[in-house]
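The structure appears below as C-alpha cells.
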Amino acid sequence: MNLQALQIGVKSFINLSSFAGRPRSLKTGQLGSLRLRVMSSKRGVSSSTKSAAAASIVDDKKDNKLKGMSGDCSEDVLIEESCWKVQSVEFQSIKDDPAKIEAMTVQELRATLRKFGVPTKGRKGDLVFALKHFMGKKKDGENSQELEERISINSLKNISLQKNTKRTSDESCIVSINTVSEVSGFKKSKRRMKQSPGEDEIVNVDTEIATTKRKLSNTKIATTKRKLSNTKIATTKRKLSIKTDDLITLPQAEPWTVLAHKKPQKGWIPYNPRIIRPAPLTDGNSVKLMSWNVNGLRALLKLEGFSALELAQRENFDVLCLQETKLQDKDVDSVKQCLIDGYENSFWTCSNAKLGYSGTAIISRIKPLSVCYGLGIPDHDSEGRVVTAEFDSFYLVNTYVPNSGDGLKRLSYRTTQWDPSLSNYMKELEKSKPVILTGDLNCAHQEIDIYNPAGNKRSAGFTEEERQSFGSNFLSKGFVDTFRKQHPNAVGYTYWGYRHGGRKTNRGWRLDYFLVSESIADDVHDSYIVPDVNGSDHCPIGLVLKV
C-alpha cells in the first residue's frame, strides 16, 4: 500500500502536463505551494493529499490559461483597430499634402511603404517614386473602402506574425521549465532509492518518464525551428516578389544615347547625333567628307546586312576616306569594279612590308587636282598609311597612324618619329592651302575620349607619351580638333573593342578625327559621328565644310 501511494505521488509530481499554460500564469504563491508539497512527500504525506494538491494546481493553470487567451484576443482586436485608424489617418495626411513624401527619410519611407504593402527596395529616389505612384494609383482607381480593407489586411498580418513570435517564445519557456522539472524529479527519485523499498522499480519508471519528456521536448524545439524557418522563407519571398504594376520600365535606348564613362564630369552629355547635329545647310556651297576604319574591306563587302549603296544614299558624301583596308595591290582592280556609280575617282595604297596589313584609300565623286602617296620618307611609306588628295580649296590627308602595339613595342617609333614627320608634312602643305587631316589617329587625347581612363594609362592609344605627342605635334601646331571644338562636353566614341563586347554597352574610345587648319576651323558646319553603322570595330565619322 505504501509503495503504490509513493508511485502515484511520484507520477503526479513528474506529470507536468498541467504546466501547459503560459509561463506568465505561474504565480509565486503557486510555485511555493508546489515546493511545500514536494517537501511533504519526503516526510511521508499520503497519496490522496498529493493528488488533491496536483488537481488544485491543474485547475489554477487552466483558469489562468483561459484568462490569458481571453486577454490576448481582446488585445489583438484593440491593436488591429488602432493600427487601422493610424494607417488610415496617415494615408489621408499624405494624400492631402504630397510634399511630405519628399521630406521623409529613407527609414520613414520604407516604414510607410510596408504599412501599405508596397515593396521597399531601392534608394530614396526609388522609394519616393514608389510611394507617389501608390498614392496616385489609389486616387485614380481605388476607393476608400478598398484601401481600408487593404490596410486592415496588412495590420492583421503584422499582428499574426507578432502572435506567432510570442507563442514561439512561450513554447521555449515551457520546454525550459519541463527540462528543469525532469532533472529535479530524477534527483529526488535517486534520494528515495536510499529511503524506501522497491527502489529499482520507482527509478525505472521515473527514468522512462524523463526520457519520454526529453524526446517530446526535442520534438517541440525542432518543430518550432521549422516553423520559424518557414516563416522567414515566406517573409523573404513576399519581400522579393514585386508586382508588375510597381516595376519601372525603361525604354530600350540605343547604347550611344546613354552617358557611358567610368568617371563622368559635371556637364558631360552623351553624343546622340539625332538630336545634337545641326540642321543641314540649305544654301551656299559645301562639301561632305567621311572617314572610316573598315578593319578589312573585303570582309566588310561580304558581310550580310551591309550595303555600301545604302550608306552612300543615306549620307550623300562627296569623299570617303578608308583606313585599314588590308588589301594587296593585286586586289585593288577587283574592288574598284564594285564601286558605286558616281564615285569613279579612287586612290589606293597598300602595305608592301607586310601583306594584308594596314592600307588606305580615298574614294571621291569630285576629281582631285593631284594625288600623292606616303610622306616622302621611305622608313614610313612601306606600310601604305597615307594618301593625300588636293582639291580646289584644301588638301585632304587620309592617314592610318601606327598603333603602339602590344607591350608598347612601337611607342617610341610612334611618338619620336612618325608623329613629328606627319606634322612637318602637314605644315609644309599648309604653306599653299589649308589642310584637313582625317583617319584613325590611334590616340584618345583626353579623358572624355575614353570610357575607362584610369584603367588604360599604359594601354596603346592612351599613354601619356601619345597624348602629349598628339598635343604638341598637331594641336599646338595650329590644327583644330573639329569634333571637340563643336562638342566640348559630348562623350562620343568611334572605336569599341570586340573582346569585351564594348559596343553593346558603349564602352569605347574616340580614335578617329577630322583635324583642320585654324584658318578654316570656323567654316566647319558639322563634325559628327555615325555610331549606328556596323561592320567594323570602328564607326564612320563625317565633316561638313562650307567652301
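Think of each number as a place in line: the chain as shown, counted from 1.
Cβ coordinates are placed from backbone N, Cα and C, and glycine is handled just like the others.
Heads up, TrEMBL stuff is auto-annotated, nobody curated it.
Database features (TrEMBL):
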ACT_SITE  TYR400  active site
ACT_SITE  ASP440  active site, proton donor/acceptor
ACT_SITE  HIS538  active site, proton acceptor
BINDING   ASN293, GLU324, ASP440, ASN442, ASP537, HIS538  Mg(2+) binding site
DOMAIN    101-135  domain 'SAP'
SITE      ASN442  site 'Transition state stabilizer'
SITE      ASP512  site 'Important for catalytic activity'
SITE      HIS538  site 'Interaction with DNA substrate'
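Taking a C-beta cut-off of under 8 angstroms and a sequence separation of 6 or more, ASP440 (active site, proton donor/acceptor) has the following same-chain neighbours: ASN293, GLN323, GLU324, TYR400, VAL401, TYR495, LEU511, ASP512, HIS538. Long-range Cβ proximity for ASP537 (Mg(2+) binding site), meaning a same-chain Cβ under 8 A and a gap of 6 or more residues, is found for ASN293, ASN295, TYR495, TRP496, GLY497, TYR498, ARG503.
The Mg(2+) site is defined by ASN293, GLU324, ASP440, ASN442, ASP537, HIS538, and by the 8 Å test on Cβ atoms against their centroid, the other residues of the chain that qualify are ASN295, GLN323, TYR400, TYR495, LEU511, ASP512, SER536. On its own chain, ASN442 (Mg(2+) binding site) has VAL401, PRO402, ASN403, SER404, ARG414, ALA460, GLY461, GLU466, LEU511 as residues at least 6 apart in sequence with a Cβ closer than 8 Å to its own Cβ. Across the residues of the domain 'SAP' (101-135), the predicted structure has a mean pLDDT of 82. Here the domain 'SAP' (101-135) is broken down by DSSP into helix, strand and coil counts: 25 helix, 0 strand, 10 coil.
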